[in-house]
Amino acid sequence: MAEQQLGVLKALDVAKTQLYHFTAIVIAGMGFFTDAYDLFCVSLVTKLLGRLYYFNPASEKPGSLPPHVAAAVNGVALCGTLAGQLFFGWLGDKLGRKKVYGITLIMMIVCSVASGLSFGNKAKGVMTTLCFFRFWLGFGIGGDYPLSATIMSEYANKKTRGAFIAAVFAMQGVGILAGGFVALAVSSIFDKKFPAPIYSVDRALSTPPQADYIWRIIVMFGALPAALTYYWRMKMPETARYTALVAKNIKQATQDMSKVLQVELEMEERAEDIVQDPRLNYGLFSKEFARRHGLPLLGCTSTWFLLDIAFYSQNLFQKDIFSAIGWIPKAATMNGIHEVFMIARAQTLIALCSTVPGYWFTVAFIDIMGRFAIQLMGFFMMTVFMFAIAFPYNHWIKPDNRIGFVVMYSLTFFFANFGPNATTFIVPAEIFPARLRSTCHGISAATGKAGAIVGAFGFLYAAQPQDKTKTDAGYPPGIGVKNSLIMLGVINFIGMLFTFLVPEPKGKSLEELSGETEVEK
């Protein structure tokens, strides 16, 4: 077997890190910014939506979203994302990365704005239109997963490819912080302009009618950064790997990359033979694919699935933690606007301390330690901390030990981001052949989202106390938080075992990893 790689792709592999790499990170990362911003900011305004649209003057407590409505508002975006990952992943291999990339961005911008314009002033109308647009927003966001990862991995050089894809993913952290800061800014301005009494003093006036603008402004703001990058997204040429290996137009690929790299690239004579080799044109459902990539695909899908169960269930414990530490006072002691401020403050602090640093640790270390080591370490640490919270759970919830509780909790999610949350996104963009790369990444990501749905909803019911009298309104009794945490620890441990199916792509070219350079002499 002779290893043959196209000259234009070799040039990309050995290119020095330069401006276009960073442009690509920002352009590809903006989708993730919007994604994280959107999923995060809705968790900041659900309490306000409850006060506005489900107000009951007779109740001691402010209005809150009924369980099925809360589940719908959070769940439709995840379902939309899952569908979008599969559909646009497949489309990205059929039509090319660049074309599809523009479509997903427009969808995200339009639906972000539309979800803030939901119709009517009755609960049913507002919630229905909000859910409708959030589904399609999720659909667009879903397409961004496989495309951003694929575009970045195909543009990057061999040496720092991991860090570049990780940097795109780390834009999620920036989006989370932006969501927090926007909510803090908007709620403090409204709090100053429209002072309102607290709920226990005056139930009707505690949520001024102007508060309806707050959640709409926060939700719509996410469209702004995405809209700003649209022009640059359209100016980026199609990736050389797609043009050469999938569209089989080597001349075009060479011209495009000459411009990007700002060097003269020559086209080789035997280039056409490399690309036309029939043995490299097997499909996704062929025996050949199963033989070469079956186990790695199982490794990518299973680890992402297991990780997301644990990762998305974190929101369940957040409110217990915040009220336990006293970061968020009792709902009846605040007015509606101030509540948004307090929730945003607490969530932003947690994000600043645990979530965001984890992303950048991955960027710094991934090309030194490798994907495999980081993923294994992350799953291991998550298992340890989940168990360390779960077994002495009754000890942690006592007021004196709450600082320890927050530290343990923060560390769990630090190691999710400096660990499998980042690596499960990076590896599928590196190990599959170019003509199936975006599809396989979409499949892996969609399995992950299925895990997220299990994590966010399965555990919402599971974490309910076993005692019927103590459950949240509208929920049946579950297995309790302690047992839920033990289950999550076990899930992380299984994720650690499945990591052994995933190959290590560090320092190799994409063609070497996917077997696309193997052409017999």
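Cβ atoms here come from the backbone N, Cα and C positions, even for glycine.
Remember, it's a predicted structure, so these values are computed and weren't measured experimentally.
As recorded in TrEMBL, the features of this protein are as follows:
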{"type": "DOMAIN", "residues": "24-507", "note": "domain 'Major facilitator superfamily (MFS) profile'"}
{"type": "TRANSMEM", "residues": "20-45", "note": "transmembrane segment"}
{"type": "TRANSMEM", "residues": "65-88", "note": "transmembrane segment"}
{"type": "TRANSMEM", "residues": "100-119", "note": "transmembrane segment"}
{"type": "TRANSMEM", "residues": "163-190", "note": "transmembrane segment"}
{"type": "TRANSMEM", "residues": "213-232", "note": "transmembrane segment"}
{"type": "TRANSMEM", "residues": "348-366", "note": "transmembrane segment"}
{"type": "TRANSMEM", "residues": "372-391", "note": "transmembrane segment"}
{"type": "TRANSMEM", "residues": "403-422", "note": "transmembrane segment"}
{"type": "TRANSMEM", "residues": "442-463", "note": "transmembrane segment"}
{"type": "TRANSMEM", "residues": "484-502", "note": "transmembrane segment"}
For this session: For the transmembrane segment (348-366), find every same-chain residue at least 6 residues outside the stretch whose CB is under 8 Å from a CB in it, and list them.
Result: 40, 162-163, 166-167, 169-170, 172-174, 176-177, 180-181, 184, 318, 327, 374, 409-419, 421-423, 426, 506
Problem set entry | Close approaches to the transmembrane segment (163-190) from elsewhere in its chain (Cβ under 8 angstroms; 6 or more beyond its ends) | 21, 24-25, 28-30, 32-38, 40-41, 44-45, 148-149, 152-153, 155-156, 210-211, 213-214, 217-218, 221-222, 225, 337-338, 340-341, 343-345, 347-348, 351-352, 355-356, 358-360, 362-364, 366-367, 417, 422, 425-426, 429-430
Exercise. Quick one: do the transmembrane segment (20-45) and the transmembrane segment (442-463) have at least 3 Cβ pairs under 8 Å, skipping pairs fewer than 6 apart in sequence?
Worked result: no
Problem set entry | Touch test for the transmembrane segment (442-463) and the transmembrane segment (65-88), at least 3 Cβ pairs under 8 Å | yes
Problem set entry | Other parts of the chain folded back onto the transmembrane segment (372-391), taken as Cβ under 8 Å at six or more residues beyond its ends | 303, 307, 310, 362, 365-366, 405, 408-409, 411-412, 415-416, 418-424, 482-483, 485-486, 488-489, 492-493, 495-496, 499, 502-504
Seminar exercise, completed: Sequence-distant contacts of the transmembrane segment (484-502), meaning Cβ under 8 Å and at least 6 residues beyond its ends, amount to 295-296, 298-300, 302-303, 306-307, 309-310, 313, 316-317, 371-372, 375-376, 379-380, 382-383, 386-387, 389-391, 393, 420, 427, 459, 462-463, 478
Seminar exercise, completed: Residues outside the transmembrane segment (213-232) whose C-beta sits under 8 Å from one of its C-beta atoms, at least 6 past its ends, are 23, 26-27, 30-31, 33-34, 37-38, 41-42, 44-45, 48-49, 52, 102, 105-106, 108-110, 112-113, 115-117, 175, 178-179, 182-183, 186-187, 190, 337, 340
